[in-house]
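*Asks:* Let me begin by handing over the structure; questions about it come next.
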There are 4 protein chains.
Amino acid sequence: MSTGFFGDIKPVTYEGPNSVNPLAYRHYKADEVVLGKTMEEHLRFAVAYWHTFAWPGGDPFGGQTFDRPWFGDSMDDARVKADVAFDLFSLLGVPYFCFHDADVRPEGKTFAESAQRLDVIAEYFEGKMKETGVKLLWGTANLFSNRRYMAGAATNPDPDVFAYAAATVKHCIDVTKQLGGENYVLWGGREGYETLLNTDMKRERQQAGRFLSMTVDYAKKIGFKGTILIEPKPQEPTKHQYDYDVATVYGFLKDFGLENEVKVNIEQGHAILAGHSFEHELALASALGIFGSIDMNRNDYQSGWDTDQFPNNVPEMTLAYYEVLRAGGFTTGGTNFDAKLRRQSLDPEDLLIGHIGGMDACARGLKAAARMIEDKALSGPLEARYAGWQSAEAKAILDGKRTLEEVAARVTAENIEPQPKSGKQEYLENVVNRYV
Amino acid sequence: MSTGFFGDIKPVTYEGPNSVNPLAYRHYKADEVVLGKTMEEHLRFAVAYWHTFAWPGGDPFGGQTFDRPWFGDSMDDARVKADVAFDLFSLLGVPYFCFHDADVRPEGKTFAESAQRLDVIAEYFEGKMKETGVKLLWGTANLFSNRRYMAGAATNPDPDVFAYAAATVKHCIDVTKQLGGENYVLWGGREGYETLLNTDMKRERQQAGRFLSMTVDYAKKIGFKGTILIEPKPQEPTKHQYDYDVATVYGFLKDFGLENEVKVNIEQGHAILAGHSFEHELALASALGIFGSIDMNRNDYQSGWDTDQFPNNVPEMTLAYYEVLRAGGFTTGGTNFDAKLRRQSLDPEDLLIGHIGGMDACARGLKAAARMIEDKALSGPLEARYAGWQSAEAKAILDGKRTLEEVAARVTAENIEPQPKSGKQEYLENVVNRYV
Amino acid sequence: MSTGFFGDIKPVTYEGPNSVNPLAYRHYKADEVVLGKTMEEHLRFAVAYWHTFAWPGGDPFGGQTFDRPWFGDSMDDARVKADVAFDLFSLLGVPYFCFHDADVRPEGKTFAESAQRLDVIAEYFEGKMKETGVKLLWGTANLFSNRRYMAGAATNPDPDVFAYAAATVKHCIDVTKQLGGENYVLWGGREGYETLLNTDMKRERQQAGRFLSMTVDYAKKIGFKGTILIEPKPQEPTKHQYDYDVATVYGFLKDFGLENEVKVNIEQGHAILAGHSFEHELALASALGIFGSIDMNRNDYQSGWDTDQFPNNVPEMTLAYYEVLRAGGFTTGGTNFDAKLRRQSLDPEDLLIGHIGGMDACARGLKAAARMIEDKALSGPLEARYAGWQSAEAKAILDGKRTLEEVAARVTAENIEPQPKSGKQEYLENVVNRYV
Amino acid sequence: MSTGFFGDIKPVTYEGPNSVNPLAYRHYKADEVVLGKTMEEHLRFAVAYWHTFAWPGGDPFGGQTFDRPWFGDSMDDARVKADVAFDLFSLLGVPYFCFHDADVRPEGKTFAESAQRLDVIAEYFEGKMKETGVKLLWGTANLFSNRRYMAGAATNPDPDVFAYAAATVKHCIDVTKQLGGENYVLWGGREGYETLLNTDMKRERQQAGRFLSMTVDYAKKIGFKGTILIEPKPQEPTKHQYDYDVATVYGFLKDFGLENEVKVNIEQGHAILAGHSFEHELALASALGIFGSIDMNRNDYQSGWDTDQFPNNVPEMTLAYYEVLRAGGFTTGGTNFDAKLRRQSLDPEDLLIGHIGGMDACARGLKAAARMIEDKALSGPLEARYAGWQSAEAKAILDGKRTLEEVAARVTAENIEPQPKSGKQEYLENVVNRYV
Ligand SMILES: [Co+2]
Ligand SMILES: [Co+2]
Ligand SMILES: [Co+2]
Ligand SMILES: [Co+2]
Ligand SMILES: [Co+2]
Ligand SMILES: [Co+2]
Ligand SMILES: [Co+2]
Ligand SMILES: [Co+2]
């Protein structure tokens, strides 16, 4: 039974590209088969609880803009919020959602009370999940909003904060497992520094490594089958965050021997803030064997902060899903909309419209990427470009069978003078434009 | 005997802070002892051959502005250039210089001819080094200017380019060793991509790793005692370079088992382009055990490209040298001025003035940093801030003797509720301002 | 008769969206009518002589990559270049081209010789223009490459440089008029500063204003019917350029009473460098009544310098052409491709492919924008949003018939408490996605 | 009588550069004479009420960190806040403060109630100002925090919001006048847009112009003697703000004929966000005749948002005060610290320490700048550089007595070929380093 928050809006259905109904899908058809899987199986959409239900519309210069009946500090408010959330999941027909502990229950006066409240809501969720068939893509702990974390969670100068954070993560993994969550995410919003003047970066990095190792050990011990994911972000809220980007996280994982235990959850907006394209971060994670999941959104190119907008640029999204497909597609991961309405988008229907637009744009991106793969539109030319490395001598170099001086000797002996070939960038860009 | 290029300018001497002589040091006194070493030993200044002698003053919208008698393509030009270079080294009294092969000899028609020309110049250098006492901080190969490298050197789709680059590096290491160079640097200006559409990043990364391993092996084999250094840069000339920043290089080194063989040469301007402060990159390299050397310069904060200006902001440089000193100071590394005059600075004396200003600013930074260390101005408060981690229980966590669930249990049992303490950032910033 | 540079490539024709021929238009059909005009009349495409024929492929870290038979310093080279240029114009079927004096003739030993050479080429152009029907969208003077301009042209500390620049512009306007150019452009690449320390900004701004006034007066006097255009750019090559962006140029024009005499030529890449979206600059110029023409290209969002790539993102281009159409479309202006191939795109056909992709993307953008206008897809909701300002009282405020205290009194009297309405941003973004 | 909030801290006094007392001035000596005025008269320091007393320490990812006894919604809280504020002003010995209406009184249920509450506090302020001698540098209205302003104040699509904002500004000017405020500031944090898709920029710009004209008229009518100031900021909170930077504001003022009525309040952090150096914005405002006042703070160079930190880089501040002094110094303007503690700086004494550090850095900057002026360290070389423009012919050009063709004719007749001279940038940078 619906909460009525969305009025008489009916479940969103696929009406095809010519529909002008703002509450219909024009491109996302859950059961349409693409490259051997349904779009639902490929995209694995999830709604983010925080932006969609917990964010009041504030920004650094203004307060709440949204009027939501569930805004408040009581457990009843939390239940109304959950009711509306599952209404929205059902109206959209998304298979997944994601949440932080702090999104779903009011903070208690003690750790124990906060934990107990989360348990109550988790049970409430269980019922609703059974009822609706909606599943948990991932759970996570909010280790950044409360003032206790202002100087870091795992990387705090105070070991009591490390302990508090550890207890929180333990409980959140428990709850994630209980709800059948397919991944567990860590985003280290306060794991960084405001100033090096008061920071022992080496020590803090050790603390972070130890924290992650303990987390991985615990997840294994309790038989959590999901993937542990780190979500890189270069900065904001802090001046510098230790999980800066995919490359940085990789070095960190290698350092603590966790590169086979932990993968990354890559967010478009965070890639942009780190100075990378989204597809770069995806391609790199794939190359390094740590690709896990994505936080789909979009960052405004003229803003220097994380705008977390709903994505809409299909050509860009095509390149993103192309990398996802090249990486073999999602296994436990999925497409989580870490996206929030603009604070002026006040209407309940805006919550649906934002997601519909994002899902349709993803669907277009996925389909275009799939066709590029089917046509070998990019992979054909790529293979040709590197064909020289298939020669026996070239392979010998890469396989470690040649020394620098041997290669050097051959250059002189054969008087090698390489001749450059066109990189064909504009040609390839035009090829992509055939698909989007 | 001087070339006369600098007219009747006499060797630059220390005249103290009240001097208004633009051709005197006001702060750099080579033999002044700071923290137990002379300033010369601490700073280990080097002049960069490329910017100072080879760069014609062009930019993307304009051509040559400098009139230099040695501009030309002959070996005689190369010798005049060397003469003037050693004049400048002597006038400045710097102990070191650095060069690329392409800076010092005209390119030949074949690899063999280019190599032979480099040998001729190397011999010429040997004489001048003996004469003047100036030493080689590092040598390097220019693997980016020639069109053969347009699509990468080690990471080129054409294995012949890899081979040509390998032969070039081999020879440059030979020459560096011959000249007693204390380090060998690799900067991968073309090791990256312009577009992912034509790039196999995983393969290229493998090529780069193989290339570096071969280089390290060769250096060992010939008994090169210096340090192999990678110089990170995020982009420019390419859209993305694989040696993006210190954290990225670390992950790369770990991947190929080279983290104990190779260190980093950190440039201020490249740190800024990568979204970091210079001191961040230095502190991180030190924390990771890969700090090697610095390319001292300054990037304009309003420009999005590498401006390679002479440094002048003493408060910022103080923080940089503070990290250098915390890392134990330079061993084989030093302070190389990877800095060029503005293209409007046409006068021969400007070459001296740029270096003098940079050296004086470094000297002020070093002295301020040394006094902060002597006073424990920052390290005292730092130790106090992390004091909690000295407790037995906290150490047990870090040492791997506690599990997540044990720590969590303690939080509930002891009802831990951490109380934040002031981070004192403004206090510490004011403390630094006492020293600069 | 063709030069043969492009081999046996035939004139590029429209083959429709399903074509996979890289040398065919898939969207640009010159004579297709859109909103009452042909696409050719709407888009008014021009090829830029500099990037396409004069640029050797260099970047700050590498030299020439392109092999072009016309690279050289003779007038014969200049004629070959012109021959190939008109070949390309004809193959593409573009109606216009644009050039700087320095693109088309080798610099002479004196001003007089340079001018005479330009006259020779202009005459050569006249013949080819008659022959092919290709017209001149605009001419301009290169006041930035030669070292004499290193410290500015009009804004140089040396009045002789001002004079030299004035003579150059005079002659370039003469030639532009002679060739029937429909606009004359000024881009002040050196009109700015590298450092305020040696700059009298107030004086230089006066010099720039005087220069522009003289230029406008001269153009009028000789009966030049075209539009004088300023092309804003925030920086690069200098640290700061006086024609920073549209808003800055507007203030400058107002200051010298030229806001009705001069319009702006807006480049996508320059908008991005200035921190704006392209559509922002277009909409602002239109609002201020100074919209003139566009330099169509694209800037890489991860690069901090002007990459001048061929455009390819249709959703973004749709928003740009939407603003062009809202501004009434081009009058004397047009779509000039201030875009260069990537330096690795070595093949002659790449020159065609780059333009074809850009033209097709423009055509898609134009058509999508036109349909949005026909459907009032955005203008309908916009009108509704501001409907309140149609009330008599609101109009009275805007018309200057109310004082602050009168309005304030009404707020208290009527106890006004405004109620916010949804801004519907996501809805509108989804609407746009129906068209692209 | 003190509130006791700052414990037993005594008024901050000047102890000289060797003091290590964190609660003493090391450089700011209020009555020290510099260039004929006391430092107090030059710097005209003001404390900003909002950051120092109203900001709870939140950021986009975390809530309140500061415990302040006055946090709450009652008028009693507001009075305690005022008591502590004047304690701080007195302890610091600053001559001025600045405030928004929303900083000093809780919002009422109606406009009338809000206004009445402001009147009550204003009266309370009057008493405290008389008691302490602290004056009001400027007052301003908060037209951005309340959700009614989410889509703009003067530029709102709803004319009722314009009216509400007008009433608010009227009342704030009344109060500012009543308190003897020396300026009135308008910062248009919501006067901009989130998306052009729902924005009529031309109309909104007209609304903004009308609003400003009404404000200027009203201020004149009531005999307000202070200066009306606009504070430019490029973006944040919105994607684009109409008062982008100094150049943009100038064009806007010209458009509405207000360039002699309104000046600018320039903030360091906003200059940086707009892509400019602080000294650029100051020098430009001075050149345009609209320099008014400064919001002194510092923006983190690695953050893309407004960090509003206390300033500490003396070399940069020297260049800023150099421009202030060149502009003739402040008249009604002053140095307002639009700076907030980092959210981890929890201690009451941190409020003092932040200001002390900022004031000392300003004092150092002022003194260094003054000595550069006394020595003509920069102005001497500057005059020499432009000396050519003193010739009769050069003056004739600038005075409008020469046409383009006359100047061009002279170039040919005299065969002018300008010879570039060194710009001496590094020399001048070294000169500045003699003073800082
Ligand atoms: Co995210
Ligand atoms: Co985000
Ligand atoms: Co370097
Ligand atoms: Co550099
Ligand atoms: Co252009
Ligand atoms: Co450009
Ligand atoms: Co401010
Ligand atoms: Co600010």
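Here the Cβ of each residue, glycine as well, is placed from N, Cα and C on the backbone.
Note that TrEMBL annotation is computational and uncurated.
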*Asks:* Figure out which of B:GLU231, B:GLU236, B:GLU316, B:GLU374 sits with B:GLU267, B:ASP295, B:ASP338 in the Mg(2+) 1 site per TrEMBL.
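*Replies:* Matched candidate out of B:GLU231, B:GLU236, B:GLU316, B:GLU374, per TrEMBL for Mg(2+) 1 with B:GLU267, B:ASP295, B:ASP338: B:GLU231.
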*Asks:* I need the neighbours of the Mg(2+) 1 site defined by B:GLU231, B:GLU267, B:ASP295, B:ASP338. Which other residues of that chain put their C-beta within 8 angstroms of the C-beta centroid, in sequence order?
*Replies:* B:TRP187, B:LYS233, B:ASN265, B:ILE266, B:GLN268, B:GLY269, B:HIS270, B:ILE294, B:MET296, B:ASN297, B:ASN336
*Asks:* Just to confirm: which same-chain residues, 6+ apart in sequence, have a Cβ under 8 Å from the Cβ of B:ASP295 (Mg(2+) 1 binding site)?
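*Replies:* B:ASP295 (Mg(2+) 1 binding site) has long-range Cβ partners B:ALA48, B:GLU231, B:ASN265, B:ILE266, B:GLU267, B:GLN268, B:GLY269, B:HIS270, B:ASN336, B:PHE337, B:ASP338.
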*Asks:* Do you know the mean pLDDT across the domain 'Xylose isomerase-like TIM barrel' (B:122-277)?
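*Replies:* 98, rounded to a whole number.
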*Asks:* Mind telling me which of the recorded positions B:ASP103, B:GLU231, B:GLU267 has the densest Cβ neighbourhood, counting other Cβ atoms within 10 Å?
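*Replies:* Answer by Cβ density within 10 Å: B:GLU267.
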*Asks:* Identify which of the recorded positions B:HIS100, B:HIS270 has its Cβ surrounded by the largest number of other Cβ atoms within 10 Å, counting every protein chain shown.
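*Replies:* Output for this query is B:HIS270.
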*Asks:* Count the other Cβ atoms sitting within 10 Å of the Cβ of B:ASP308 (Mg(2+) 2 binding site), across every protein chain shown.
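*Replies:* So the Cβ neighbour count for B:ASP308 (Mg(2+) 2 binding site) comes to 24.
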*Asks:* Of B:GLU231, B:GLU267, B:ASP295, the binding-site residues listed, which put a C-beta under 6 Å from ligand 4? Please answer none if none do.
*Replies:* B:GLU267
*Asks:* Report the recorded positions (B:HIS100, B:ASP103, B:GLU267, B:ASP306, B:ASP308) that meet this criterion: Cβ distance to the nearest atom of ligand 3 under 6 Å. Use sequence order and write none if nothing qualifies.
*Replies:* B:GLU267
*Asks:* Enumerate the residues of the same chain, B:GLU267, B:HIS270, B:ASP306, B:ASP308 excluded, that satisfy the criterion Cβ within 8 A of the mean position of the Cβ atoms of the recorded Mg(2+) 2 site; list them in sequence order.
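*Replies:* Near the Mg(2+) 2 site, beyond B:GLU267, B:HIS270, B:ASP306, B:ASP308, sit B:LYS233, B:GLN268, B:GLY269, B:ILE272, B:LEU273, B:ASP295, B:ASN297, B:ASN299, B:THR307, B:ASP338.
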*Asks:* According to DSSP, which kind of secondary structure is B:ASP103 (active site) found in, if we only use helix, strand and coil?
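*Replies:* DSSP call for B:ASP103 (active site): helix.
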*Asks:* At the level of the C-alpha atoms, what whole-angstrom distance separates B:ASP308 (Mg(2+) 2 binding site) and B:HIS100 (active site)?
*Replies:* 17
*Asks:* At the level of the C-alpha atoms, what whole-angstrom distance separates B:HIS100 (active site) and B:ASP306 (Mg(2+) 2 binding site)?
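*Replies:* Just about 18 Å between their Cα atoms.
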